[in-house]
Amino acid sequence: MRKNFCSLFKKDCQIMLAGKFFFVALGSLILYTLFINFGYIHYMNAELYNVYLYDPQGTQQEVSDLIHPVASLEELDAALSADTNGVGIDASSGTPAVVLYHGSEKTDNHSADYGLSLLHQGNVHTTQIVGTNTPELKQRKEMCSELLFIEIIAVGFLGIASVLFKEKQMGVIRVHGILPFKKSLFITSKLTVFLVSDLIFAALMALFNIGFHEAAGILPDILVQTGILSLVMALTGFGCTMLLNDFRQFSLAYVVIVIFASAPIFLSANTSVKMAWIDWHPFYHVYMGLKNACFGMPVTNPVYYICSACGIVILFLIVRAAFHREMGKEG
Amino acid sequence: MIEVKDLIFSYGKDKQALHGLNFTVGDGEIFGFLGPNGSGKSTTQKILTGILKGHSGYVSLFGQNISTAHTQDFFQKIGVLFEFPYLYENLSAIDNLKYFSSFYPANQCRDIGEILEKLEFKTDFLKKPVSSYSKGMRQRVSMARALISSPKLLFLDEPTSGLDPSGAVLFRKIIEEERKKGTTVFLTTHNMLDADLLCDRVAFITKGNIVALDTPKRLKEQNSNQRVRIAYLYQGKREEKTVEIPELERGIPFRHDEIISIHSEEPTLEDMFIQYTGRRLS
């Protein structure tokens, strides 16, 4: 059995190398690393809103360094018309009055509060800081978990399909039907190749973007969550490839799966948009597991791991049935 | 070697593909399974090779009931040549054969170089990817794959498809050699010449039923119209006449100076195919 598995594994690696899949993964890794290190963390350091203060009598004595003083009401108007998201404060009467372009009620209130808060230096309210992450590290971890999730559900999913569709077109899957080995090994070998590739990707992604020192402690948890997601996606990709006729049909299924898998999850996990049904979305829990692993808070609930294991076993059985069906197809 | 009794198979509820097939194939026999497209040939072969499950009736291979026969040990004893040359196109002939043979016990496998040489495979293509091969070369590699494990039972689906006449002759010679070694061959084909030259017995299958099963010679004899066509010269003129065979017992029943040729009007296997299956070969 080990000899048969080695033969299958070696052949799968050869096909993956021939299909240039590793170059796609490497390209993604470089792109994501450049984005996080040279783009994302800098964008996120940008100020929320520019705040312009007109205070001819100097009534505001303890203003923040982030305030932009203006010399006249005309200059304040000009600044706001050039920066429509900006917040203006007219303190010419001695009492600060907020001037801004109307957006939505919630945004306007938020902008006004932020603008007024800059009239005082230092912290007015005492804030309890949770965790030890610096803002930059938090941003790195957040983006790392998001990109890792996207990479595995999108690129990994496509990768297994590209390899399998080739084998399907060549007809060699049918030949495996009459070879003396356990047919489940064919599926296991493919899963192993993609699992190893995803784990290496996740490790490099964490090391390059979270930092060697910080990543070392959380890497095992990240790898566990990556492993769960990788197996689920590889099995889903395998099943779709067996059931669908060609890559065109698969591409459509891929778009649907990616949209339905990722869009609601990112909205629920990263914004104030909350969907009542999101708790029923299995990928939401896997994503949160991955994100929490990046923040050093691994999932400890055994129900999560039992459900994941059951899901993987059920998918494996479906895929095995689809694989047997494919072996019995006409040429 | 193969025993099939009342074999029935359906694809779903309404599509019955096999309606109770009965046949046996003896050890070392070349058995031809002939029929038009959609007649049930491939379905039968898939059931025998264990690819298709869910049949009813009794089927045994190597003296063992098929429901328990499809173990790894069973697959080690069979070789299958599919209708199309299914190979890894990015790998060379040698790498393909190394890969496929790696699933069999090493002491059972033949030498790759030797078998390719026997199949007259062009040596300068040995390490080139299969994607650069002609159809005939791919068929040679596929045949090598089927033979590499020294199978006791060989399933061949259109073995000479895609080969030029000399390649077809070579393949027939190799199949004959395999039979001499004691290998049983289950041959599925549309090529009546292959069936006529190779098969000890043939079965005609149509719409999931075996409509005739015998040696090619007997099938032709049974359907012969008992006539011969005689070409002769008489008074310097060439003429032809068709004569009933019993008439010949009293000698040539017409005047002639010289007999040029005598041909029996025995039907060909292709005539038999059309007669039994009601379909012409495409």
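For all residues, glycine too, the Cβ spot is worked out from N, Cα and C.
Database features, via TrEMBL:
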- A:21-43: transmembrane segment (TRANSMEM)
- A:147-165: transmembrane segment (TRANSMEM)
- A:185-210: transmembrane segment (TRANSMEM)
- A:222-244: transmembrane segment (TRANSMEM)
- A:251-269: transmembrane segment (TRANSMEM)
- A:303-323: transmembrane segment (TRANSMEM)
### Task
Return the stretch with the most CB pairs under 8 A relative to the transmembrane segment (A:222-244), choosing among A:21-43, A:147-165, A:251-269, A:303-323.
A:147-165
### Task
Mind pulling out the one from A:21-43, A:147-165, A:303-323 with the most Cβ pairs under 8 angstroms to the transmembrane segment (A:251-269)?
A:147-165
### Task
Go through the chain and flag residues at least 6 beyond the ends of the transmembrane segment (A:147-165) whose CB is under 8 A from any CB in it; none is fine as an answer.
12, 15-16, 19, 21, 24-25, 28, 32, 35-36, 190, 194, 197-198, 201-202, 205-206, 222, 226, 229-230, 233-234, 236-238, 240-242, 246-247, 250, 254, 257-258, 261-262, 265, 283, 287, 290
